[in-house]
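Notes follow the structure.
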Amino acid sequence: MNYNDKSLSALKLGQKTEYKSEYDPTLLQPVPRKLNRDGLGITEQQPFDRGADVWTCYELSWLNENGLPQVAIADVAIDFRSENLIESKSFKLYLNSFNQTKFASLEQVEQTLAKDLSQCASGQVSVKVYKLSAYTQQPIVDFAGECIDEQDIQIDSYEFSNEHLASVAEGEVVEETLVSHLLKSNCLITSQPDWGSVQIHYVGKKLNREKLLRYLVSFREHNEFHEQCVERIFTDLIQFTQPEKLTVYARYTRRGGLDINPFRSNFESVPQNLRMARQ
């Protein structure tokens, strides 16, 4: 990726910013997916053909027609085929612009979000806005699968390398789900830490747990957006393990009232958006 690309240098990330409280869709800033995908060899149908960037928006507020503040939580799913991902700070600033703006109904807010986000992403975006009473009924969940974090191994290098995956696939073909809560990368622009959990569901030769964990830990000083990290994990696993089926799903902790949960697969549909303990 060219980190000096004009589409990145214009981002609000890392810059002193004015917080607007009147509705302004121009605050949204796109980042072309191709900046990262070209280097990974990703096309519209390869190596994954389904997925979304699932966002949870916890700080959503507006005024009703009487001027009384309203609060809600929104689930947003940006289709993986969209031309752009949406830069997170611009998303936060955009949501803040609803704060002193009157909307006739929750449905109008939902429709406005879907329209603006679809335009910024240049692709399909689905939005569901929930009253707090509805959202509080949702459970806190954990990823299904075998957690690989409790290994007695020594690590002294935290520089990203996909070479940790060399010969990671060994033995018989299995179907299994592996989980790690040790995923940590850094924002591409600001280098702020991004903390996440990752779930890998695959059909293929059995993966060596130690090598896989070393690979995931090597993201610890790596600078890339959430969505790009998940796509890199997916393409690296395809390259080194050649599985028959693969899903990579990460759920990151929230920042600025937003969490981002990228899902990529070549055989499964996007799951329900259920938060985990750190979210």
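For all residues, glycine too, the Cβ spot is worked out from N, Cα and C.
Residues or ranges marked as active site, thioimide intermediate in Swiss-Prot (evidence: sequence analysis): CYS187. The feature active site, proton donor is assigned by Swiss-Prot to ASP194. Here Swiss-Prot flags ILE86, GLU87, SER88, HIS226, GLU227 as substrate binding site, drawing on sequence analysis. Taken from Swiss-Prot, the feature NADPH binding site covers SER88, LYS89, ARG255, GLY256, and the record attributes it to sequence analysis.
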| request: Could you check what DSSP calls GLU87 (substrate binding site) once collapsed to helix, strand or coil? | output: coil
| task | Could you state the whole-number distance in Å separating the C-alpha atoms of ASP194 (active site, proton donor) and CYS187 (active site, thioimide intermediate)? | result | 7
| query | Could you state the CA-to-CA distance between GLU87 (substrate binding site) and GLY256 (NADPH binding site) to the nearest Å? | reply | 12
| Rounded distance in angstrom between the Cα atoms of HIS226 (substrate binding site) and LYS89 (NADPH binding site) | 13
| The record names ILE86, GLU87, SER88, HIS226, GLU227 as the residues that bind substrate; what is their largest Cα to Cα distance in Å? | 11
| task | Specify the nearest of the binding-site residues ILE86, SER88, GLU227 to ARG255 (NADPH binding site), where nearness means the distance between Cα atoms. | result | SER88
| request: Quick one: of the recorded positions LYS89, CYS187, GLY256, which has its CA closest to the CA of GLU227 (substrate binding site)? | output: CYS187
| query | Taking only the recorded positions ILE86, SER88, CYS187, which one has a CA atom nearest to the CA atom of GLY256 (NADPH binding site)? | reply | SER88
| Can you list, in sequence order, the residues of the same chain other than ILE86, GLU87, SER88, HIS226, GLU227 whose CB lies within 8 Å of the CB centroid of the substrate site? | VAL31, ASP53, LEU85, PHE91, PHE225, ILE260
| task | To the nearest whole angstrom, state the Cα distance for the pair CYS187 (active site, thioimide intermediate) and SER88 (substrate binding site). | result | 10
| field | Most Cβ neighbours inside 10 Å, all chains, among the recorded positions ILE86, CYS187 | value | ILE86
| query | Among SER88, LYS89, ARG255, GLY256, which the record lists as binding NADPH, how far apart in Å are the two most distant Cα atoms? | reply | 9
| field | Packing count at HIS226 (substrate binding site) (other Cβ atoms within 10 Å of its Cβ) | value | 24
| note | In this structure, the one of the binding-site residues LYS89, ARG255 whose CB has the fewest other CB atoms within 10 Å is ARG255
